[in-house]
Amino acid sequence: EAATLRKQSDVELTALRDQLRVAQQEYERKCVEVGQLKKECERLQALADQVRLPAGTDSYRRDRQLERAYHELQQADTDCQQLREQNQLLRNSLTHLQARCRRNSKERMKLRQLVARAEQQSQFYQHEMAVTSQRAELLNSQLAQLESETILHRDNAANVEARVSVTNTLQLYQQLEKSYGQMNDKWKNEMNNLTDKFEAKIKKIKSQTKNVIWKEENSKVNDSKSKHEQDTRL
């Protein structure tokens, strides 16, 4: 839009300059004619003042020519005044167009600055989008790895728990069989109590094992969340 306005202003300015140049040339030509007519009028007026001859003579005809020349001089003077007014109007139009050109130049500069600023913002947003996409991909890969590690830890914990349970149970039964073979009835009651204690101890060990596994998984999940929050802040 600024380029179109500038082009239109240039066309109007060129046309006004051409009109101004033509008007100045016409004004100069009229001024020359007026000067010549004034000289001729002065010469004829001097002759007329010296001798007044009757109609039909050469002097009378020259007197009539002098009057016509005087009227032409007045008309030329009127034309010159009109040309001066037109010249002033053209100068005013030229000044107005020049002011419009300056305003259009300023507006075009502002538009260029706005376009440059918009391009910079677009590049910045594209860069931020690319960085965010990379972070999202990294986070997805970390989450997938965390899930696989969690499943693996769960399997390992289950295997460890099963092995501990079997081992403790076998050891307990071996100790019980050995004790039952060596002790009398009096000690059998005590061994029953001991058996209950061992079973309670086994349950406690299982509970502690589950708590350790749960804390380990929870700690890894918290570490992953903390790392994700740090990446998000960055």
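Any Cβ shown, glycine's included, is placed from N, Cα and C.
Of the listed segments 6-33, 34-61, TrEMBL assigns coiled coil to 6-33.
Averaged across the coiled coil (66-149), pLDDT in this predicted model comes to 79.
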